[in-house]
Amino acid sequence: MLFFIKVFMKTILSVLLLFFIFASSFTLVVGLAGCRPDQIQALTQFKNEFDSSDCNQTDYFNGVQCDNKTGVVTKLQLPSGCLHGSMKPNSSLFGLQHLRYLNLSNNNFTSASLPSGFGNLNRLEVLYLSSNGFLGQVPSSFSNLSQLNILDLSHNELTGSFPFVQNLTKLSILVLSYNHFSGTIPSSLLTLPFLSSLDLRENYLTGSIEAPNSSTSSRLEFMYLGNNHFEGQILEPISKLINLKHLDLSFLKTSYPIDLNLFSSFKSLVRLVLSGNSLLATSITSDSKIPLNLENLVLLSCGLIEFPTILKNLTKLEHIDLSNNKIKGKVPEWFWNLPRLRRVNLFNNLFTDLEGSEEVLVNSSVRLLDLAYNHFRGPFPKPPLSINLLSAWNNSFTGNIPLETCNRSSLAILDLSYNNLTGPIPRCLSDFQESLIVVNLRKNNLEGSLPDIFSDGALLRTLDVGYNQLTGKLPRSLLNCSMLRFVSVDHNKIKDTFPFWLKALPDLQALTLRSNKFHGPISPPDRGPLAFPKLRILEISDNNFTGSLPPNYFVNWEASSLQMNEDGRIYMGDYNNPYYIYEDTVDLQYKGLFMEQGKVLTSYATIDFSGNKLEGQIPESIGLLKALIALNLSNNAFTGHIPLSLANVTELESLDLSRNQLSGTIPNGLKTLSFLAYISVAHNQLIGEIPQGTQITGQSKSSFEGNAGLCGLPLQGSCFAPPTPQPKEEDEDEEVLNWKAVVIGYWPGLLLGLIMAHVIASFKPKWLVKIVGPEKRKEDNPVRLFMTLDSRWDSFNNKKNVEQKSDM
C-alpha cells in the first residue's frame, strides 16, 4: 500500500510541476508526463539559457523521451534553429547524465568553443552537434564518451587534431567533415573494431594513413577523404580496405596521377569519387581493371581529353559525371547502351556530336542528361523516353524544338537556352504540364507567340523565354500556374499592357518585361498600390509605359519591404536534386552597367522602370522597400523632388535617377546609405550642394553633370567660393585713360619719395629716431591692411549667406 502511495504522490508532483511551468502557454505537453520533476526542471532551465522564441513549447519538448521506469531523460532532439545564444560551460544540459541520444544540430549557437561538459554525458550512444558554429579544439573530455556509436561534429569551425577518438571503441559512424582539422589521421582510427563510416572531407589533413595489417580486420564501408592536403602515398594503404562500398578521394592534392587499377580488389565498391585528381592515362582504357559493381562514378575535373573506354565494362553503372574536362569529338554510341544508365553529366567539355542513330539515345534509360556548355551543333536530338531533366544550354543546336519532346510525360526541367533554335514554341508542351517545373528557352531565335496552353494544376515555377523574336501577348493562362515564381520575357516583340492580373499569383518573385512593346499605365485602374505579394524583382525598362505613379504605389510590397534575408545560400529557382542544380538568371542594369546575374538570391530586390515615358513625382512610399538593392528610374519624365524617404532604403547599392526632370536639392540623407556604391542624378534640374558623404563624393563627375545648379564635390571644391570680378567691355576704354592719368601723376611723386628715402637711410636724423624709436615695430603696410579688411568683409558676407540659406 505504501508503494502505491509513493507512486501516486510522485505522479501528482510531476503533474503539478508541469502545470506551473507551462500554465502561461496554455499548452499541455503530454510527452513529459513520464519524466521526473528534476529532469523536467533541468530541461526547462536549459531552454531558458537561450532565446527560443522561434519555437513554441510543444515543438521544443516533442523531441524528449524519458525512461518509463525511472523517469530520467534518455533522448533529446531539438528542432533545427530553435535555440539562439551561447552554450554555457556549466549548462543544465550536462546534468541530464542518463542521456543516450542527443541531437542539437542546426541551431544558432553564438560562435564559441565546445563545452567540456559534454564529456560528463558518458552514457551517450548518439551525439549530433553539426552546423552550430563551434570553434577551437575538441575537449579532451570527449574521450570519456566510450559508449558512443555515432558522433557528428560536421560543419563547424573546429581545429586541431582528434586523438580523443582512440578511446571511442564502440564508434561505428564518425563525421568530422567541413571543419579545420589538421595534422595526420591517427593510426588508431582505422583499427576501431566497429567503425563502418568515416567522413573527413573538407579539412586540412596531411600525410598518409595507416591501414590495418589484415584487410579483413576493417569493417570500414564508407570512407570520405576529399578536399584535404594529403601528400604521401595515401592510395596504397587505402587499397587494402577491400570492404569499402563508398570511397571519396576528390581533390587530394597529391603530386602523382591515380591508377584506377589500384581499386581492382574492391569487389563491393559501388561509388567512387576521384574529382580534381589527375588520372593515369593508361588506366582509363577498356583494358584496365576496375570494380565491375560500380554504380556511381565521378570523374569531374580530372583533365580528361578522351572519352574513357573503361566505362564499357561497367554494366551496372547508373550515374557518371565527366563534367569540367576537355573531352572532344563525339559521344560514343555504345555509351547509351549501358543498360542501367540513369544520370549523365557531360557539362563543360568539347563534345561536338552524338555518334550513331538518334534512336539509341531515345531508347536509353537516361533520366537526367546534361549536355550544357559544349560545342554540339546541328538539329537538337530527340530526348530519351524516360527523361526527367534535360539541360543543353550554351551549345550551337539549330532547327526547331523536336515535337517528340512533348511525348516525354515525366519531363520536369527543360533548359535549351543559349542556342540557335528557330521556329515556334511547341503548343504540345501542355501535354506534360503536370510534371514541368522549369522551361528555359532564353537567347534563341524562336518566333511566333507564347502559347496560351496552361491549365489548372500546372506545376510551372520558372518560365524564361527572353531574347527571342516572340510576338503577341502574354498568355492569360499563366494564372493557372499557381506555383509560378519567375517570369522573364525580356528582349522580344511582345505588344501588351502591364499584366496587373499576375498579382493573383501568390509566389511570383521576379517579373522581367524589359525591351518589348508593352504600353499604357503601370498604375492600377483604382490608383492604388501595385502590391504584388512576394515580388522582389520588377524589370520593365525600355518599353512604352506612360502615366504617373500614385503616392501609395509601393505600399504593401510585402517581400521587398522586409529586411534582407541573412541566409545567402538560397537562390531563386534553386530546384535541386542530389545530381543537378538549376538556378534562375536575370539581366540587370546595375551600377551603371548591364550585366547578367546568375544565382539570384531570394532576398535580392531590384526595380528598373528606366527607358519609359513615366511622369509625375516619384512616390515617397518607395522608402518602404527596405530590402531594395538597386533602383533605376532613369530616362523618364519624372518631376518634383527626389524622395526624402530614399534614406530609409538602407540596403541600396545602386541608384539611377538620371535623365528626368527632377528639381530641388539632393536629399542629405542619401549620404548615410553605407552600401551605396553607385548613384547617378545626371541631366535633371537639381540645385544646391551635393551631399558630402564618402559614398557620394567618390562618384564620377558624370553622375552629376547636366544640372546647372549643382555644386560641391565631385563637381567642384565648394559652393561658396567668392566670384572673380570680370571687367565690363564698355568701361575698358575709360579704364585705360584713367590708368594713364594715374601713371603720369605717379612717376614724379615716386622719384621724389625715393630721393628722400635715400637721404633718411643714409643720415638717420636723431629727430626721426626719437619719434619712431629704435625698437618700435613697423606699422602695417597700408595696402596689406586694406586687403585684410576686404578679406574679412568677404568672409562676413559669405557666413551671412550660408546662415540665410540654412534658415531657408
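Along the chain as shown, residues are numbered 1 onward.
For all residues, glycine too, the Cβ spot is worked out from N, Cα and C.
Taken from Swiss-Prot, the feature N-linked glycosylation site applies to Asn68 (among others). DSSP classifies Asn68 (N-linked glycosylation site) as coil under the three-state reduction.
For Asn103 (N-linked glycosylation site), other Cβ atoms within 10 Å of its Cβ number 20. Annotated N-linked glycosylation site per Swiss-Prot: Asn103 (among others), in sequence order.
There are 16 other CB atoms within 10 A of the CB of Asn108 (N-linked glycosylation site), with all protein chains counted. Sequence annotations record features per position, and here Swiss-Prot assigns N-linked glycosylation site to Asn108 (among others).
Other Cβ atoms within 10 Å of the Cβ of Asn167 (N-linked glycosylation site) number 17 in total over all chains. Taken from Swiss-Prot, the feature N-linked glycosylation site applies to Asn167 (among others).
Among the features that Swiss-Prot reports, N-linked glycosylation site is placed at Asn213 (among others), with the record citing sequence analysis.
Look at Asn363 (N-linked glycosylation site): DSSP puts it in coil. Among the features that Swiss-Prot reports, N-linked glycosylation site is placed at Asn363 (among others), with the record citing sequence analysis.
Among the features that Swiss-Prot reports, N-linked glycosylation site is placed at Asn394 (among others), with the record citing sequence analysis. Around Asn394 (N-linked glycosylation site), the C-beta neighbours below 8 angstroms that are at least 6 residues distant in the chain are Ala372, Tyr373, Asn374, Ser417, Tyr418, Asn419. Reduced to three states, the DSSP call for Asn394 (N-linked glycosylation site) is coil.
DSSP classifies Asn407 (N-linked glycosylation site) as helix under the three-state reduction. According to Swiss-Prot, the N-linked glycosylation site annotation covers Asn407 (among others), on the basis of sequence analysis.
Asn420 (N-linked glycosylation site) counts 13 other C-beta atoms within 10 Å of its own C-beta, drawing on all protein chains shown. According to Swiss-Prot, the N-linked glycosylation site annotation covers Asn420 (among others), on the basis of sequence analysis.
Around Asn480 (N-linked glycosylation site), a 10 Å sphere centred on its CB holds 17 further CB atoms from the protein chains shown. Under the three-state DSSP scheme, Asn480 (N-linked glycosylation site) falls in the helix class. Residues annotated as N-linked glycosylation site in Swiss-Prot, with sequence analysis given as evidence: Asn480 (among others).
The secondary structure of Asn544 (N-linked glycosylation site), as reduced to three states from DSSP, is extended strand. Annotation comment: Swiss-Prot describes Asn544 (among others) as N-linked glycosylation site.
A C-beta separation below 8 Å, combined with a sequence spacing of at least six in one chain, links Asn648 (N-linked glycosylation site) to Gly623, Leu624, Lys626. For Asn648 (among others), the entry in Swiss-Prot reads N-linked glycosylation site.
Per Swiss-Prot, repeat 'LRR 4' is recorded for 172-192, and the stated evidence type is sequence analysis. For the repeat 'LRR 4' (172-192), the list of distant contacts is 130, 149-163, 165-166, 198-212, 217-218, 220, 224, 241: same-chain residues at least six beyond its ends, Cβ to Cβ under 8 Å.
With a cut-off of 8 Å between Cβ atoms, the residues of this chain six or more beyond the repeat 'LRR 6' (220-241) that come close are 177, 190, 195-212, 247-255, 258-259, 262-263, 265, 268, 273, 275-276. What Swiss-Prot records for 220-241 is repeat 'LRR 6', and it gives sequence analysis as the kind of evidence.
Proximity of distant same-chain residues to the repeat 'LRR 13' (388-407), defined by a Cβ-Cβ separation under 8 Å and at least 6 residues beyond the stretch ends, is recorded for 347, 362, 367-382, 413-426, 428-429, 431-432, 440-441, 577, 580, 582. As annotated by Swiss-Prot, repeat 'LRR 13' applies to 388-407, with the evidence given as a curator's inference.
Summarising the annotation, Swiss-Prot assigns repeat 'LRR 17' to 483-504 and lists sequence analysis as the type of evidence. Distant neighbours of the repeat 'LRR 17' (483-504): 442, 450, 458-474, 476, 510-522, 524-525, 530-533, 539-540, 545, 572-573, 584, 586-587; these residues of the same chain sit at least 6 beyond its ends, with a Cβ under 8 Å from one of its Cβ atoms.
On the backbone, the CA of Asn407 (N-linked glycosylation site) and the CA of Asn103 (N-linked glycosylation site) stand 47 Å apart. Counting only the Cα atoms, the space from Asn420 (N-linked glycosylation site) to Asn68 (N-linked glycosylation site) is about 69 angstrom. The two recorded residues, Asn363 (N-linked glycosylation site) and Asn480 (N-linked glycosylation site), have Cα atoms 33 Å apart. Confidence for the repeat 'LRR 13' (388-407), expressed as mean pLDDT, is 94.
Of all the glycosylation sites given, namely Asn68, Asn363, Asn407, Asn544, the one with the smallest number of surrounding CB atoms inside 10 A is Asn68. Rounded to a whole number, the C-alpha distance linking Asn480 (N-linked glycosylation site) with Asn544 (N-linked glycosylation site) is 28 angstrom.
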